[in-house]
Each structure stands twice: as structure tokens, then as C-alpha cells.
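What follows is a short report on a single structure.
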Amino acid sequence: DLNRYDIIEENNQENPPATAAEGEGAAGGLYRYIKGDLFTSEIFKVEIQNLPKYIGFNDLKKFLNKHGVNPHKIKLFSKQMFAFVTFKNQEERDKAMKAVHGMQWKSKVLSVRLAKPKADPILKKRKQEEEAEGGQPGAKRAAGSQEGEEEEEGPLNIQIANAVTPLWNVPYEEQLKRKEKEVEGVLQKLTREIGNNNKAIRPSPVQVNHLCIHYSNHSHTLMNSQNKYHETEYRNKCEFVIGVGADGEDKTVGFRLGKYKGGSCAVVSPAETSHVSSEAKRVVQGFQQFIRTTPYAVYSPETYEGHWRQLTVRTSRIKQTMAIVFFNPQKLQEEEIEELKRNLRQYFTEGEGQESAITSLYFVRMGQRTSAGTEDLPCEHVTGEEWIHEELLGLKFRISPHSFFQTNTPAAEVLYSAVGEWAQLDQDSTVLDVCCGTGTIGISLAKRVKKVIGIELCQEAVEDAKANAEANGLTNVEFHCGKAEDVFPTVLNAVVSPNVTAIVDPPRAGLHSKVILAIRRAEHLKRLIYVACNAKAAMNNFTDLCRAVSNRVRGAPFRPVRAMAVDLFPQTMHCETILLFERVDYSSETQTTET
């Protein structure tokens, strides 16, 4: 929600081929967002035609990477055998066009041409409504007037519940059954992929059955018998947008009712949502009251004007609350911004905002992006502590504004307990904690092993992890900052231990292929636990861990031997999936599967 350009890119719809006339039209209102020096990869967009049948997203991405092409975004239309691909700059786009155009792939000769940007969804919808209203009286109302929408969709609190917690009215046991079925489907697909890529370790029907999801008695009991925070009010981090309310109220803080690609920027208060904590709701209410007293407007993703953009709230079970305010300075003078920060400090420490009980307050200047970089924006400390702290599995953790920490702490304890049980660790073990965040997994296991080595991209999180290890009296833990694909191979090759276990907890897109290939090559690594927040997106990682040896993939394969889902996101269709992979031992006459 922070960058409209990302939303436009990620939700690319099928566009007609660009023409000269359309190129002229790109200068009009529907394409206004591509003007100026603001970054959007829609500027550097091509269409690849005549693709082979039956290829998938990962097939196309691998093909492009193999030939030195680094796409920023890919939108594949496999049935029509073409794809839209965007790049970070003109140089990469031109390089891709030269490399791919005329190339043969599976008997198909590819062609590449420039493609026009996607029309701005908001402006496109408005234009369609204006045309419908002008050309056919009453057509706009027929498509759904405000009154009709209210009658069809119900009150705003129901609409926002459906948008952010789509399972809010489904009994919790039924939610678990739906998620179980979803993960079973992923595991069944994994079994088929393994069969297609490595018939030597294809699981038998009994093994497939054992591989399916289970909610252990421990986790199921904990998730249902403790207080309501396990099913509701469980999120310890929420990101709220700031905009015009769906009820017409300006400067509303909450969740967006629809998606930008659907032509909606309306915001609804989180007051009646089930997954947001009462502490966070209190901060939202107090902050909303404050910004309505200021002369600064909310930021408009349509016109690029205005200032207030987002409020992030982080809370902990020990009653600490961090608020991070995102503000577009536009052309304000430094004195004006400093005065605003002073007013924020005064409001939350001495004024009406005291009731929000904020213990840490930050201010972030968030202008428009001018490049494809995704680095975290600097946070300016306004008042209170620099961190909030949390307790998990009897350990203490500090959390910085940008650091990753699982959003459901009680469920995370279930998750990490399962990881510790499955890892089969002893005092000679070395644990590699990849994408470690604030070090929670590795630190929770450190007293049971010889050494823990963590790898994390975010510098703030690495500093937190080091402080957390020290706060918990641990001396056998070290952390490295950098991209996993750059750091992990070197760290892994340097490890000398009779029992090496890797635990990976990557972002939604999964691990970089370099990490997977390094894991495969390091045959002294016998056990891998993969924590996936989106098992479908990680399927390519799973398959590469298990595929047969080839020129690209060296080292004995792994086999999946156990899987479990933990519900960190009640009221939604999302859950975390843990998979245990063990290295195949070809020297054994029989290969058994742990159940």
C-alpha cells in the first residue's frame, strides 16, 4: 500500500499490444504516474510472444536468468503464450530485448517488443464511470450506486472484516479444516513434483499419507484452550494506511477497503476487526485524533500530493507499544517537520495521546521512490525507548522498527517448539539459522547445541539478534548480515561439525536458488527444516532440494519426511508450514521415512 507503483506492477492485467496511437495516449491522464523522475518498472516493460505451451512462472524466470536477463516483475499468460516483463532500468530492458528476441525455446522462436504501461486503475475506473454516465443515463447506477453497494455488501464493518479477515464468521475448527486441506494439496503436489524430477526417491502411497499435514495435540490444544488472543487480537504488528474514509471522513487511519487495482482507496477504521489488538486500536484512535488537528493532508496515491501515509504499530505481551509514523515531507521546510515531531512528542507524552500508552515513537520521511531499491527507510527516534521487548519461550528479545518478528507470539512458540523437536540436536550440533530476523529460532535452541550461526539481511535485526543473545547469557551464537545467497555458501563451507542442521525461515518468495544449490553441495548437512509462510511459493525450493543430481544440482538429494502446519493467522486462509527434509543416504539398502 505504500507505493502505488508496486501495486500497479504486481497486479498487471492483460494489456492490448502497444501501438503508436496508444503511445501517444500514454502521455494522458491514465498514464500520469509514469511521468517525472519517480520510479516504476512499468516504464521499462516488454512483451515476450510465442512462448512454449505448458510453461509456468518459474520456468520462464529460470529461462531468463539462464540467459543473463534479470526481470523486475513477470506476468505470464500461459494460455495465450505471452508474458509481460518489467525491468529496473532501460539498460536491463534493452539487454533483455537483444538477448531474447529471436531465441529458440522448445521449438518456439521468441519475439520481444515494447509494451505500454498499465493504465492507472483509479483513473481508468473514473473514466469508465464518466463515460457510462454520459453515454447511457443511469448506467452508472445500474453498475452499482452507493446505495446499491451498501445494500449488497452490508455495513462497513462487515465489508472490512471480509477484506482483511475473510474467515471471521467461520467457526475456528472449520478454519483449521480448510487450511489442512489447502496444505495437503501443496504436499500432494510436492509428491508429484518429486516423482517427476527424481523417481529414485518417489514416496510410496504410505509415505505420502504420512507426509500430510497434522496439527499435533500440543499445538491444537494450545491454540484453542488459552485466552482469546490465540484466535483473535493476535497480531503484534499492524500496518495501517491513512486516507479518506469510506464514510467520507478525511484523515482516517485503518485498512483499505479494496485494492488499488480495483479502483478503490477508501479506508475503514480497524475498531471492529477481530485480529487487531486493543492496544493497537487505541493507538490508531489517538493518532487519528492528532492528525485531524494538523494542517497537513493525507497523501493521495492518485495526485501524489499530501503528507500522511502510514502508521505501523508493534506491541508485545509485556505491554510495550511502538508506533512508527510515515510522512511525505513534500516541500516542507526542515523547521516545519521538526515542529511537527515536537507536537507528536508532546501529544503522546503529555497530551490526550497519553492514553495510547506508546513506549516508543518513530518518525519516517517517506517520499516517492526514484529507483528500484527496497532498502529500509531511516527511522527518526522521537520519544520513549528505542525498542520494544518481548518474551518468548522464557527468553527475552528486543525488537527494532524494521526487524522481523513473527506476528503471532503464542503461535510462534508452538512453531519454534516443533522446530526444536524435529531438529534432533545434541551438544555437538551446529545450527545454521537462515533469514533469522531477531534471532528467535537460533537463540531458542542455543543452550542445546555447540554453536548457532545466524544470517539476516536487515542490519537492524542483526543488531537486535546480537543484543538478544547477550541478554540471554549466550556465548555460542554469532550473526552475519547480508543476503543469504551471498553469505550462506561461505558460512556453510566453513562449518566443521558432525551434526549440522539448517533451519530456514525465508520471506514469502522463498530462498534464492544459490542458497538451495549450496545446501545440496554441502553433503555434511544432513537435515534441513524449512519454515514456509507460503508453501505454494516455496514449491520450487522444495523441488530443487529433492531433484536428481545434474550438472546444475550437485550433491545427494533430500527427501521430505515430515510436515506440520501451525495457524499463525486465524480468521484468514494463511498459515505457516514446517517441512523436515533429510539427506538421502544411497549407501543404505533401505531408506526409511520418519513419521
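Even glycines carry a Cβ here, placed using N, Cα and C.
Feature annotations, courtesy of TrEMBL:
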ACT_SITE  Cys533  active site
ACT_SITE  Cys533  active site, nucleophile
BINDING   Gln406, Glu456, Asp505  S-adenosyl-L-methionine binding site
COMPBIAS  120-129  compositional bias 'Basic and acidic residues'
DOMAIN    44-117  domain 'RRM'
REGION    120-158  region 'Disordered'
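Apart from the site residues Gln406, Glu456, Asp505, the chain places the Cβ of Phe404, Phe405, Cys435, Cys436, Gly437, Thr438, Thr440, Ile441, Val531 no farther than 8 Å from the centroid of the site's Cβ atoms, the recorded S-adenosyl-L-methionine location. Every protein chain considered, the tally of other Cβ atoms within 10 Å of the Cβ of Gln406 (S-adenosyl-L-methionine binding site) stands at 25. Considering other CB atoms within 10 Å as the measure, the emptiest surroundings among the binding-site residues Glu456, Asp505 are those of Asp505. Packing around Cys533 (active site) is summarised by its Cβ count: 19 other Cβ atoms lie within 10 angstroms of its Cβ, all protein chains included. For the S-adenosyl-L-methionine site, whose annotated binding residues are Gln406, Glu456, Asp505, the maximal Cα to Cα separation is 15 Å.
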